[in-house]
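Worksheet: one structure, shown below.
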Amino acid sequence: MKFSYSWLSDYVKSMPEPKKLAELFTLRAYQVESIEKKGSDTVFDIELLPNRFADLAGHIGIAHEIHAIYGSQFLFPKPDARRSKTPIKEYVRAAVENGTAWRYTLSYVEGVSVKPSPKKIQERFAVCGLRPINSLVDATNYFMLDTGNPAHAFDYDKIEGKTISVRRARPSETMETIDGAVINLMKNDVVIADARGPIALAGIKGGKRAEITKDTKRALIELGVFDPARVRETARRVGFTTDASMRFSHLLPARVLGSTVELLIGYIQNFAGGIAAKDSVDIHKPFPKIIPILLDVPYASHLLGAVLSEKEILTILKRMGCSTVKGKARTLMVAPPPWREDLKSSEDLIEDIGRIYGIERIEARPPRAPMISSGHDELHIFSDQLRGYMKELGYAEAINYALVSEDDLASIGEARSTLKLANPLSKEYAVFRTSMFPGLLKNIKIGTLYEHSPRLFEVGRVFRPARNTPEEHMMLACILSGTKKSGGLYYEAKGTLEALVEECGLDDIWFREVDPKASVWPFTLLGTMHPHRSAQVEIGTKRVGYLFEVHPDFRAREPVVFFELSIPNILGDISQKREFRAIPRFPAMVRDLSVLVHKDERADSVIDVIENSGGQLLADVDLFDYYEGSGFGEDRKSLAFHLVFQSSERTLKDKEVLDRIVVIKRALGERGWEVRE
């Protein structure tokens, strides 16, 4: 917003040079974006913050701020309105509809002379980017640039019924503005109306019907504070951004409006002559009492980091326009000025005291408060590590809401014991999830539309109600889909689990048959499990999660496999069982073995037989291939394993390994399984 240096000089005695003023104002008040020389004057472009727009949008407000910073004498303009003995009720009556204006005043002036404004006024308008119109309209605009509060003048002789009402627009009403635009009004628009209809769009633009012309002799002068939300909404809808609408879009200080009416009338009489009615219309509800703020002087110094004496603080508060009364034990009762409605707490006062005192004057010092460690949250750190491992394995992270619908949980058989939200915004987000499966299943169904084989994981909490405080449990969940045969996708997920556990420094992972009776929190059995491709995941003898292929009734178009693990349970195993092995000194020998088994046989069962019969030389068994199809019959499948033989004491001979394989084949044959040669 633009401000004139010469205009500001009218109100502040001993003003500093423009450049110095701009530097200090930027340091202690608000950013001066530019300084420009215009003729004999200098114009400042100042960026005002929303919370100070109400009192700084005029030259008087900026001048008062300069006075507060410099301590120079502030010269408030003295009203010199001339009034007659006739009350205003003889000329006009006014009414204000609830919710349209916080305060509304009308003044009557007769005997005005509409002519060009003095040259000095026109020059000041040019500096501030405003176009002079005529003496009467210019007086209201000058008042706006001076105080920050817009005013408007109507030709009194064009007011029908000699009544003015501030109200909401009525259906199908229209209004022609002073620049000839016709506006179709809506019910939320606030208008100024006479007995015939709207004559102005409140806080935005005047109407053509009651505009001031060179023939105007009598005028009604409006000064008000309108509902800022309605002004913003209407201005945006009709596409008018005026100086008035910009100011009225902020809540102007209605409390001080009455004291500026005399100033406005004085400007009109100085510019256009005339005499005003004995009084003015002033409609407003009672204003709440200004409540003093308790300010603790030592606390102010502590918060600012600078020792300010009580005298210094009192001086600054006085310059700000505050009234103060000394309290007990170095405290002050401070009443903010009526135009500073942003001052609501002692911290607000201290902020302004520090700003006016000068932040640049406060010595920079290290904080005195002890540095307290935030602690070592192992669960949080380990969860982040798991995220990294999953990304390294080629999975993308999903982040879903912890809230789901009751139908989502009912579809997986989990609607019996849920934690419900007391006041949900939507039924889609009404209960806390007991598993991350519903959210990830939705993700994968959408993902398959755009990606060939999506792989997703999520780290988050699951919930259930408890007697006192609801229980939460941190889980890692993973879902994958693709065109592989369902069994192949299932074994890929097992491979992911084994790689993940290995990254955690563990190797004792087992895939056990799901026990229908073992549904213990947070391992809730889901009704979506495939009957033949599901497993309980254990590390050692501790259950850490489950793995399953999604039943065809629930999945997307392609096979879907899901697993969910308890992060605290894995972390507990790492703390107790992290294993470190010496690097083998002797080479390993790897042999492959392919076994034909019934299609419902679990790979774990085959691995158990191999490990039990392989002896001490068998170091590891890994499933690396799975095939089910033509060539083996409808009820059989082929499982292929890597068998790793190794000794920590010597290099093995072929005969030793061959002897162990013979024993393994015999054990497999005893189970009725065929070893493919």
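Glycine is no exception: its Cβ is also placed from the backbone N, Cα and C atoms.
Features of the protein shown, as given by TrEMBL:
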| type | residues | note |
| --- | --- | --- |
| DOMAIN | 288-364 | domain 'B5' |
| BINDING | D342, D348, E351, D352 | Mg(2+) binding site |
| DOMAIN | 584-676 | domain 'FDX-ACB' |
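The binding-site residues D348, E351, D352 differ in how many other CB atoms lie within 10 Å of their CB, and the one with the most is D352. Each of R340, L343, E347, L349, I350 belongs to the same chain as D342, D348, E351, D352, is absent from that list, and has a C-beta within 8 angstroms of the C-beta centroid marking the Mg(2+) site. Secondary structure of the domain 'FDX-ACB' (584-676), assigned with DSSP and counted as helix (H, G, I), strand (E, B) and coil, comes to 29 helix, 33 strand, 31 coil. The DSSP secondary structure for D342 (Mg(2+) binding site) is coil. Cβ neighbours within 10 Å of D342 (Mg(2+) binding site), excluding its own Cβ and spanning all shown chains: 16. Broken down by DSSP into helix, strand and coil, the domain 'B5' (288-364) contains 34 helix, 13 strand, 30 coil.
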